[in-house]
Each structure stands twice: as C-alpha cells, then as structure tokens.
Amino acid sequence: MSGPRIGILALQGDVREHARGLTDVGAQPVEVRRAAQLAEVDGLVLPGGESTTIGRLLQVFELLEPLRAAVVAGLPVFGSCAGMILLARDVVDGRPDQPLIGGLDMVVRRNAFGRQVDSFEVDLDVDGVEGPPVHAVFIRAPWVEKAGDAVEVLARVAEAPVAVRQGSLLATAFHPELTGDSRMHRLFVDIVRSSGSGR
C-alpha cells in the first residue's frame, strides 16, 4: 500500500526538510505551486517562512481562494510557524492586509517570543505524540493568543499554546522539520488517513 500524497506549499520555506520528514513516515511528498495540484493531494503542509510574504505569494500565484475552499472542503492541512499564522482566524499584531487562509478558530500573535535573536529550543510533551518529549525549535515563532472551544491544545510553552489541532487541521509554532524527529509528520499523516483522504 502506497502512502498518502502530501503536498508541500513550495513558495517559500523549509520545503526539502518537510519532504524528508514526510518520506520518513511513508508519505509521498509533492511540491505544490498551482491551484490545480490541490485536487491531486490527500493533505497539505504549509511550511515556515515569512507569513506576510507567503500570503502575498499566495495571491500572486492565485492560490489563496483555492486554499480557503480546500480547507472548507476538508483537506487536511499542517502549518508550521508561518503556516500556523496562515491557518488562524485572525492575527493580533499582523499587517491589516495580511492574507490568511483561516480554518483554525484561533487568534495568533506573530513573533510572540521575540525576534530572530530570541529564537530558542525546548523539549515539549505533545498530546498525541508517543515517546520522549519532542525537541522543538522556535524561530521568531507565534503563539496562540486565543483559541475557540473546538481547538484542541496539544502543547504549551509558558502557558501559551504552541501546538493545536481542530479536526483535520494541525498547527505548530515550532519547526518540527528542522530536528530530524518525524513524529509530528507521523501525527499529520495519521490525521490524513483517519480523515479518509489518505490512501
């Protein structure tokens, strides 16, 4: 049985690293740059990068509205760092014209932990991930300022939610693709399979 085809939005960010994590857990990574490709994948990863830039690129490549429609239609999506911001309902300190995909009933704060020099690493217990704590890398990371009742908080740093799930949507403020630990990718692939999208 072949693994699910998981698209990776390949406009900016850690595309290769996410592809490696997905391959490690038996998925088939596919780079996505066009709206038509969304119909060819069982799930989608929104990698880290700069959320405002990625949002603008989504508009340039005419992907924003198709992505919103895909999320509403139930496409499983995993957003890390900037991807978490893009999946939020609102951003506290974002630009007023920040394009968002939405889908997660939450408000996030960009760069909540500070600037690049304030980046840090920490071991986190993540609900749904078995084994030792997940080593999490935070780089100009957001956090969840407010989450709706349907949002399940999977991990926190100093009481701030940094990993969440709502239905088939998963988001982390940290970069699981940078550590060589593919358990967050495994969690997402399990979500894809349980949603009926996976092969």
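Placed from the backbone N, Cα and C atoms, the Cβ positions cover glycine too.
It should be emphasised that the depicted structure is a prediction, and the values quoted were computed from it without experimental measurement.
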The L-glutamine site in Swiss-Prot includes GLY49, GLU50, SER51, ILE139, ARG140. Which of ARG20, ARG109, ARG110 is also listed there?
ARG110
Pairwise Cα distance for HIS175 (active site, charge relay system)/CYS81 (active site, nucleophile) [Å, integer]:
6
In terms of DSSP three-state secondary structure, what is the assignment for GLU177 (active site, charge relay system)?
helix
Inside 8 A of the center formed by the CB atoms of GLY49, GLU50, SER51, ARG110, ILE139, ARG140, which other residues of the chain have their CB, for the recorded L-glutamine site?
GLY48, CYS81, ALA82, ILE85, ASN111, ALA141, PRO142
Among GLU50, GLU177, the recorded positions in question, whose Cβ has the most other Cβ atoms within 10 Å in this structure?
GLU177
ARG110, ARG140, HIS175: which of these recorded positions has the sparsest Cβ neighbourhood within 10 Å?
ARG140
